[in-house]
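Shown next, in structure tokens, is the structure this report addresses.
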Amino acid sequence: MKDKLVMLIILDGYGINPRKEGNAIEAANKPNIDRFMREYPNTIVRTSGMDVGLPDGQMGNSEVGHTNIGAGRIVYQELTRITKSIQDGDFFEKKEFLDAAENCRKHNSKLHLFGLLSDGGVHSHNTHLYGLLEFAKRQNLKDVYVHCFFDGRDVPPDSAMGYVEELENKIREIGVGEIATVMGRYYAMDRDNRWERVKLAYDAMVLGRGNQAQSAKEAVAESYKRQEFDEFVKPTVIMKNGSPVATVGENDSIIFFNFRPDRAREITRAFTEVNFSGFEREKGYFPVFFVCMTQYDKTFENVVVAFKPESLENTFGEYISKKGLRQLRIAETEKYAHVTFFFNGGVEAVYEGEDRILINSPKVATYDLKPEMSAYEVTDKVLECINKKEYDVIILNYANPDMVGHTGVFEAAKAAIEAIDECLGKVVPAVLEQNGVVLITADHGNSEQMIDYETGGPFTAHTTNPVPLIVIGLGDVKLREGRLADLAPTMLDILGFEKPKEMTGESLIVK
């Protein structure tokens, strides 16, 4: 092993909120974190808006956060890229969209637009859907159908009605489109191989099977009566004259307007894989012209990608690998992609000297039922790795403050913070025993605001709050405030390396 171990611990969803009410972090009994904040140099780091390549005022998220941390520069996110493309007009000339329209003309088939209907900006943005409706209008397409996935996580849990109304107004204004199905993201956007959920979403869109309603608004109202809010709205088929408005059929075109890959993959596979094993498709495989807004998975066949990835050279992981350092990435399932794929700038490749450990997330319906998640198992494993003395750098993510924060259950979020505090109480001393340095930070906020300050209802989304950075084991250094892009240069500074020219972030250690 080289001179010292440098460990970055990302407390996912752990923000700083000056307000005490609804603040699960403030309410939690966390003696270790409190002591670290008292005894070691710390500062605040910005995680939202233009600081991470998002539009002003847009909350950060785990994908964006880890990409910025690993890149050591502000990375302009897909959301910003696509919005800019609509504003500049090149969106309407995209070859992939034009080919989808041409496919509809050639086969006299339908165009289906589906994705998350919200302005949360984490997985999608409704303005991109409006851009596609405008595109369809310009292409003179008549049979255009929208399949709405409701959010309730990155926006308030009961806000679907407003998004539906806005969409219906846009459809009237633009003069094209009709809502064919609605459903919660719980079904259409699973990422944990819970294929029984995905099947219900697929069957609604392909077979016209599921709950029925005469309009999207009626579907929402009926669902709320059953106490099933946006995320959990059961796949519902909109009916007209006794039959579904539209179903997806052979040679139809589909544009999936979600830009974040992780929750878009499963439903995409159901539509595009010839030999699909997730569940039995009653109609089997049939060809469709499928456009992914961004690259969901480079191994996917039978899809085209509208906004192809822009490569990031010399991310932190790649750079220290070239320098001959050994690194470990460790997290539980929910955040494993974030400390690997996203941290490496959207690259699947594992670098030389990079090891990865995945600890399974617990199989529970919602994480408020098990707020500790798999933190203890992650901790046991990372302690084992620290004690082996094989690594120069360890990147660890604790998922709890974010995943439990998303449930909106205050007591559970508090318990989640207490669980990770207990874990930090073991991990930090283990690193210090080896004269190592620990950086504790977060990728964005969540658990520090569990209530909506305007309505008093539960708040399940991320926040725009800054996050802490605590530097332990480096003596009494002076730190300045910064943004997530400054973390990789800070770690390189501690490791004694010049940062590569591609990294525009700056070390937060004041010399």
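Glycine is treated like the rest: Cβ placed from N, Cα and C.
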Fill in: Mn(2+) 2 site partner of SER62, ASP443, HIS444 (as recorded in Swiss-Prot), chosen from ASP12, ASP392, ASP493
ASP12
Worksheet item: Between the binding-site residues ASP12, ASP402, HIS406, HIS444, HIS462, which lies closest to HIS123 (substrate binding site), Cα to Cα?
Response: HIS462
Worksheet, complete the sentence: Note: in the chain of HIS406 (Mn(2+) 1 binding site), residues six or more apart in sequence with C-beta under 8 angstroms of its C-beta are GLY13, ARG153, TYR367, ASN446, THR460, ALA461
Worksheet entry | Position of peak Cβ density within 10 Å, selected from the binding-site residues ASP12, ASP154 | ASP12
Fill in: Environment of ASP402, HIS406, HIS462, the listed Mn(2+) 1 site - residues of the same chain whose CB lies within 8 A of the CB centroid
ASP12, GLY13, ASN61, SER62, ARG153, PRO401, MET403, GLY405, HIS444, ASN446, SER447, THR460, ALA461
Discussion item. Suppose we draw a 10 Å sphere around the Cβ of ASP443 (Mn(2+) 2 binding site). How many other Cβ atoms does it contain, all chains included?
Written reply: 33
Practice prompt. List nothing but the one residue from HIS123, ARG191, ARG263, HIS462 whose Cβ has the fewest other Cβ atoms within 10 Å; the candidates are the binding-site residues.
Written response: ARG191
